[in-house]
Amino acid sequence: MNKHIAVDIGASSGRLVLGTLQEGKLSLEEIHRFSNGFTERDGSCFWDIDYLFDQIIVGLRQAKALGITECTLGIDTWAVDYVLLDAAGSRIKEVYAYRDRRTEGVMEEVAAILPPDTVYAKTGIQQLTFNTLYQLYAHDRKELAQADQILLVPDYLYYRLGGRKINEVTNASTTQLLNLQTGDFDSGLLSFLHLRREQFAPLTAPGESLGFVQESLVRQYDLPRCQLICAATHDTASAVLGVPVQKGRSAAYISSGTWSLLGVELDQPINDPKAMAANYTNEWGAYGTYRFLKNIMGLWLIQEVRRLVGERYSFAELARLAGEAEGFRSLIPCNAPRFLNPGNMIEEIRAACAESGQPVPETPGQLARCIFDSLALSYRSYLQELEELTGTAVEVLQIVGGGANNGLLCQLTADVAGREVLAGPTESTALGNLAVQLIHAGSVANIAEARAIIGNSFPMASYTPRPVPQLEELLDRWEALHHH
Ligand SMILES: Nc1ncnc2c1ncn2[C@@H]1O[C@H](COP(=O)(O)OP(=O)(O)OP(=O)(O)O)[C@@H](O)[C@H]1O
Ligand SMILES: C[C@H](O)[C@H](O)[C@@H](O)C(=O)CO
Ligand SMILES: [Mg+2]
């Protein structure tokens, strides 16, 4: 089979992308793109998982209409969120979105019972209020006890298509329940949650075949014959696979989308006390690697501003307006919990600026510039921490994902971080998803070859650092903001 389709569903949008490898070049054709997002109902936040499944079917029908009669298919989505199945394999409940406020205070409550350093030594996963560990702790215990199977979102979509129940390892690691030493769900953490191992599925690695899309679906919807290949189903794990390698230069990546995930790919985890104090994570990567990274609030900030000012402003337009606004006029501590899911992001940003005695952004351009300036300074700070924790200096920063299209943010990042930024591929997640399929098909030998092909197929934009006037003063302001 030489047709390969990546299903990449992020928190803000999803897409089905056809990958074609010809004479050493990989090309992408977007077959279907759709919006995604959670809705608030009676004070809770839910994803519409049936809508997402339906969009996959729509995309596959379009692939068939394009003449694709058979293909392989890989699925990746955002992390941590889960689906409960009953013994008949039916979904028990709506799928909570990780920005739901039910986990507020839970991390602290659990920390009073389970020492965080014990959990970090076991799992190496950063403390995020919405980790599956905390979501399950907050979940109704009776309902959890009824769950015959707990699948993460992409596992569930595979199950709906092919009937096979798995927990794919890269995404399973984001639950903060996988034990680095045993390579399985940690029995102590499961019993803390009153859960049994058999309520989870077999841990499965990227590259395994998961059978075919069920014949009943193929017939009912006139779909291609699809072999399901287990992708690196955490979208960030796929994004990292899609980052071209910089020969001879040490690089770090930023997977820049709803979140900005800044990190490096390691062969061994770093879960020592220093890494814990800096709240760096060791999410599992494909092929036995680890994604040593940090979650930064990311372009969620501008997504929310755009939602409020009106979607008549494209992201490109907001970046242009930001470019016309005064630089470093107002800054926000991007990773502060207040920005995780405020009712009104514009008011939250304005309040944060007012409270810290800074000019309050008024226009969309000023708001956007405040966000991009602040993200760039966040990247600089966390990059410095990353270098200290790994003991490796970073020469080049590779920004992939939708944020690679934001030239202003890429340039600001190069300026304040003082190193070259290489931007692209925008669709690194889909490319990493396809890479696993191509390796499974034997068309590509390994991930190193896949990354070389991606680098040769998708040119990257280079941003070299420009001098930042009064940089020292600006960094002092940035520091003060975090101790405000
Ligand atoms: N032309 C553009 N100019 C500026 N910013 C852009 C442009 N195109 C996309 N973006 C930025 O990219 C973001 C979307 O990135 P991306 O498509 O990687 O996210 P996603 O895959 O939908 O979600 P997730 O991050 O959850 O995977 C938008 O929020 C926007 O800020
Ligand atoms: C909630 C997760 O940290 C988040 O989804 C991030 O890991 C991700 O998947 C970004 O797309
Ligand atoms: Mg994405």
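Just so it is clear, glycine is given a Cβ too, placed from its N, Cα and C backbone atoms.
Summed and averaged per residue, pLDDT over the domain 'Carbohydrate kinase FGGY N-terminal' (5-242) gives 97. The domain 'Carbohydrate kinase FGGY N-terminal' feature in TrEMBL is assigned to 5-242.
In the three-state DSSP assignment, the secondary structure recorded for Ser12 (ATP binding site) is coil. Long-range Cβ contacts of Ser12 (ATP binding site) within its own chain (separation 6+, distance under 8 Å): Ser35, Asn36, Gly37, Gly257, Thr258, Gln303. The feature ATP binding site is assigned by TrEMBL to Ala11, Ser12, Ser13, Gly14, Arg15, Thr258, Gln303, Gly402.
Asn295 (substrate binding site) falls within a strand segment according to DSSP. Per TrEMBL, the feature substrate binding site maps to Ala79, His234, Asp235, Thr236, Asn295.
Taken from TrEMBL, the feature active site, proton acceptor covers Asp235. Taking a C-beta cut-off of under 8 angstroms and a sequence separation of 6 or more, Asp235 (substrate binding site) has the following same-chain neighbours: Asp8, Ile9, Gly10, Asp76, Thr77, Trp78, Ala79, Ser255, Gly257, Thr429. DSSP gives Asp235 (substrate binding site) a helix state.
According to TrEMBL, the domain 'Carbohydrate kinase FGGY C-terminal' annotation covers 252-439.
Residues annotated as disulfide bond in TrEMBL: Cys353-Cys370. For the recorded site, Cys370 (disulfide bond), the DSSP three-state label reads helix. Every protein chain considered, the tally of other Cβ atoms within 10 Å of the Cβ of Cys370 (disulfide bond) stands at 28.
Counting Cβ atoms from all protein chains shown, Cys353 (disulfide bond) has 21 others lying within 10 Å of its own Cβ. When Cβ neighbours within 10 Å are tallied across all protein chains shown, the highest count among the binding-site residues Ser13, Thr258 belongs to Thr258. Listed in sequence order, the residues of the same chain lying 6 or more apart from His234 (substrate binding site) and placing their CB within less than 8 Å of its CB are Asp76, Thr77, Trp78, Ala79, Pro154, Glu168, Thr170, Asn171, Ser173, Thr174, Glu283.
By the rule that a residue counts when its Cβ sits under 6 Å from some atom of ligand 3, the recorded positions Arg15, Ala79, Asp235, Gln303, Cys353, Cys370 yield Asp235. Other Cβ atoms within 10 Å of the Cβ of Ala79 (substrate binding site), summed over all protein chains shown, number 29. In this view, Arg15 (ATP binding site) is surrounded by 21 other Cβ atoms within 10 Å of its Cβ, with every protein chain counted. The DSSP secondary structure for Ala79 (substrate binding site) is coil.
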